[in-house]
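Q: Below are the features I grabbed from TrEMBL:
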type	residues	note
DOMAIN	6-142	domain 'Lactate/malate dehydrogenase N-terminal'
BINDING	32, 95, 119, 120, 121	NAD(+) binding site
BINDING	82, 88, 121, 152	substrate binding site
DOMAIN	146-320	domain 'Lactate/malate dehydrogenase C-terminal'
ACT_SITE	177	active site, proton acceptor
């Protein structure tokens, strides 16, 4: 949905080669609802007016059979936002209808190798519904965005240590893209004056790392809305670019990133059949959960709490799938 500041921020970055590389020709296919087609035409004009060398074509449509045909990558940004007075189950029901339809369109029209990133909230459960609605596309091809939370966590640690964000690696976002998510720095490394040290040693403030740091990352989206009167757009678009670029080109040796992925086969006791955010390494466009990290009791309780929320969301959403 292009009447969405995330999508608007995202298009320029993809078109100019920030995601797939400066030499990779790109065709952008933009899907929106019929009433927004006039606005979408204006966005197409702007993209044309950028005169970007690798942007070969921009297709604007309100038809799923056009939008999803032969896709290599699908980024599902739009979803039904929660409105005042709306019950959570009503929100889930509305989004099940959207992502069931988009999953079915992927099943029917997209390449079976398509990589699908779900951004629209509730992202984890929307992603699961889309995956269930496209049974012939491998579950591993679906992921949801927790990279924004991952980037927020990196940035908080970097600012606390007085280093660039690039000096902080291997933070983890466990679980749901919601306020129950668990930002974990027990395996995080910080480059301080040329040598890598553990995050707790670098920050030297355990109370902050186990308290305000976690709540700051969990509630950052709400804090942005309160300040800006709009939800995160620039930072969300950057996170989408980071997420898709890592799928395309892989993660650096010794580094992992956070992605909401299919939980089957994990060794952390997370229930099966969820889209849950784990630390992953990516090679040859294929992610693998980093399955051998020790988990202490503090982390375990937080990982379990966010899993319980996701099980509840899934079970509610699945009841609407047959309708």
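Cβ coordinates come from backbone N, Cα and C, glycine included.
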Q: For residue 120 (NAD(+) binding site), which residues in the same chain are close in space, meaning a Cβ under 8 Å from its Cβ, but six or more apart along the sequence?
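A: Result: 76, 77, 78, 79, 80, 95, 98, 99, 126.
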Q: Go through 95, 121, the listed binding-site residues, and name the one with the sparsest Cβ surroundings, counting other Cβ atoms within 10 Å.
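A: Lowest Cβ count within 10 Å among the binding-site residues (95, 121) is 121.
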Q: Near the residue listed as 'active site, proton acceptor', meaning Cα within 10 Å, which of 82, 121, 152 (binding-site residues)?
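A: Near the residue listed as 'active site, proton acceptor' by Cα: 121.
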Q: Report the same-chain neighbours of residue 119 (NAD(+) binding site): residues 6+ apart in sequence with Cβ closer than 8 Å to its Cβ, ordered by sequence.
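A: Counting only residues 6 or more apart in sequence, the Cβ neighbours of residue 119 (NAD(+) binding site) under 8 Å are 6, 75, 76, 77, 79, 144, 145, 236, 240.
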Q: Around residue 32 (NAD(+) binding site), how many other CB atoms lie within 10 A of its CB?
A: 20
Q: Per 10 Å Cβ neighbour count, which of the recorded positions 82, 88, 177 ranks highest?
A: 177
Q: Can you name the residues of this chain that are 6 or more positions from residue 152 (substrate binding site) yet have a C-beta less than 8 Å from its C-beta?
A: 183, 216, 217, 220, 235
Q: Using Cα coordinates, what distance in whole Å links residue 32 (NAD(+) binding site) and residue 82 (substrate binding site)?
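A: Approximately 19 Å lies between the Cα of residue 32 (NAD(+) binding site) and that of residue 82 (substrate binding site).
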Q: How many of the residues that make up the domain 'Lactate/malate dehydrogenase N-terminal' (6-142) does DSSP mark as helix, as strand and as coil?
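A: Split by secondary structure, the domain 'Lactate/malate dehydrogenase N-terminal' (6-142) comes out as 65 helix, 22 strand, 50 coil.
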Q: Write down the Cα-Cα distance for residue 121 (NAD(+) binding site) and residue 82 (substrate binding site), rounded and given in Å.
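A: Cα to Cα, residue 82 (substrate binding site) and residue 121 (NAD(+) binding site) are separated by 9 Å.
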